[in-house]
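Features reported for this protein in TrEMBL:
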DOMAIN    9-167  domain 'UBC core'
REGION    164-260  region 'Disordered'
COMPBIAS  166-187  compositional bias 'Pro residues'
COMPBIAS  195-206  compositional bias 'Polar residues'
COMPBIAS  207-217  compositional bias 'Low complexity'
COMPBIAS  231-243  compositional bias 'Low complexity'
DOMAIN    261-327  domain 'RING-CH-type'
TRANSMEM  378-399  transmembrane segment
TRANSMEM  419-439  transmembrane segment
TRANSMEM  475-495  transmembrane segment
TRANSMEM  502-524  transmembrane segment
TRANSMEM  530-551  transmembrane segment
TRANSMEM  563-587  transmembrane segment
TRANSMEM  593-613  transmembrane segment
Amino acid sequence: MSEGAASSTAVRRLRRELEALKRSNNSQILVRPAEDNLLEWHFLLHSFPHDSPYSKGCYHGKIIFPAQYPHAPPAIVMMTPSGRLDIGKKLCLSMTDFHPESWNPAWSLETILVGLLSFFMSEEGGYGSVQASPQQRQALAEQSWEVNAASELFRSLFPDFVSPEVPAPAEPAPAEPAPSEPAPAEPEPAQESPMQSSFQSAVESTESPVAADSAASAEREAVEQIPQGSQVPQVAQVAPVAEAEPERPQGAQVAPESDLEAAEEPMECWICRDVTAEPLIQPCRCRGSMSGVHASCVEEWIRIHRRTANTDAPPQCSVCHEPYHGSERMPGVRDFLAHTCQDMGSRCLRTVLLVFMLLAYQVCAMDDNLMLPLRVGFFTFFGLLFVYRVLVLLVSLPAHRLPPAQPLVRFFVSEPTQLALHIAEAFTTLLVMTTWAASGFLDWRFYLPFGVTGAFLAAKLFYRRPSAECCRRCGHGFLFILMLPLILIWGIFVLCRKYRHLVLHPLGPGLHICAAIAVIPMAFALQSNLALLILWGTHALFAVASLVELFCIQKFRWKKGFFWLLLVQVAVMACYTANLCVFPAGVGNQQQSVIIVTGSSFSWLLLLIFLSLKVNWQLCMQHYRTWQRRHGSFTLNAPAAG
């Protein structure tokens, strides 16, 4: 989450966040930056109402900011068991990285923590929530002080909260120091970490009181704009505490010159909360302290937000929702095809390499006539590759957890697509090797190291559960693997029954998928290529007639959807399987049969690909436009603020 160095915008924004938190002096929230990481902040939730099961508790958590903050949302992780939120797991809230599409850069850290406090006190569910009885939560609340005190990091950041007898710093009557120690003049700054001291010095040297008041005003306006239906509905009712104005004697009047001088003070950017040499612009209807913003901040926000946006809506203000005016530069078809081919090519290459590695391992394990150095070298290479993949899964699973400490962090993968590829490849390797060992195609001596490693990986995923629950889940996992063929057949039957209008409809992908599936058992079972050639020829004629109707007649309504992509995948597998098999009988001799089968199968495959593209052309264009927006650039065109 916090990989990479913090950007200058993140540093400026976090400085202002710390200053605003010190001014607000919230009695239930305490925040401290980490000493060695600018992008990691720790917080405490305490002083709960007496009628709450958490009234005697003190709960430690941390916020992990991305390097692109405030353009991207942070992650929140709880460290103290509470019976309400799980520990060591990223929380699913509308203001966290679980929902980057709903993130608003105007939300401050205090807004996020107040929303977390509201969610903590409620009974709303979600990823990271825990169901526990009030008695269990009360017991965990009493134990929270011992859990926190056992952490060296907690003791260094929050020394005043090591014991419940020590009063909180927010209370007006601080505890007197011991007689043997001199009483410090200001105990709070004396407890600050070096990171906090550097924050404070930077704030005092670069920020003015007017800018600080502008930040508080901007935060209040942003909080009022939180959309309805958010998981933190009570946030909009809690505004940051503004600094009180000094009392004036009755009848005293402020000189107009002072008001004019205050009005002429430069506004700050509501995204980075800073006043720099870059001019402020007013690209939307927002007024007051939310009217001025840097063009570079808005353009960077749009660029990052588009990566996770689930709509093709034009760029708009995240507060007033007025569309921004500017120019867009979109990548063309050539860039899209290059990106798509590169992505598909890399996945196909990984699949081919996996198949080659498995077949080569089987040959080296079963053929004793191969040279010993060759066998040892390949066994070592294959074993190291498998160990690497297992380490990636051990470190990265379960998902939505924080990266581990060095040196295992180099194996951590958080990107869902890459993690899914590692899971699929490891599962395929274990499944194929288990099938070979059970069928006698692989000696058990060459299978046991991989089987034991896979069992260790499964045990790691369940180690947080009670022993009975662990055994139950492991048993379900092994039963699922053993019954996988029957489960797949049953799943296909259920899908066919549920979507019978797609399976049997002549204008849908169902009949094409059935024909493609039929190629696989026919290729393995038949000695002659004649039946396959008849099937491919008949199916190809039907595909040609369908293309003619789509291009020329256009009278029928074809069924669009994901199943056409499934058809292409099944057809590719069928084509690959047919070209692996040898047909000693049928049309042509054995050498000619290879050429005939290859040409017929690839022609049939190309026709099915063209048919799928034509039927789903509108969906393809929609995907293309979405890709363009996510990879394009936007330049604002707005007048200066004020």
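Each residue, glycine too, has its Cβ placed from N, Cα and C.
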Maximum Cβ pairs under 8 Å to the transmembrane segment (593-613) - stretch from the list 419-439, 475-495, 502-524, 530-551: 530-551
Among the ranges 378-399, 475-495, 563-587, the one whose Cβ pairs under 8 Å to the transmembrane segment (502-524) are most numerous: 563-587
Within-chain partners of the transmembrane segment (378-399) [C-beta distance under 8 Å, separation at least 6 from its ends]: 89, 357, 360-361, 364, 408-409, 411-414, 416, 419, 422-423, 425-426, 429, 449-450, 453-454, 456-457, 460-461
Residues of the parent chain within Cβ reach of the transmembrane segment (563-587), under 8 Å, 6 or more residues beyond its termini: 499, 502, 508-510, 512-513, 516-517, 519-520, 523-524, 526-530, 532-533, 593-594, 596-598, 601-602, 604-605, 608-609, 612, 615-616
DSSP residue counts for the domain 'RING-CH-type' (261-327), split into helix, strand and coil: 20 helix, 8 strand, 39 coil
Positions on the same chain near the transmembrane segment (419-439), where near means CB under 8 A and six or more residues out: 347, 350, 354, 358, 362, 386, 389-390, 392-393, 396-397, 399, 413, 447, 450-451, 454, 457, 481, 484
Local confidence of the prediction over the domain 'UBC core' (9-167), expressed as mean pLDDT: 90
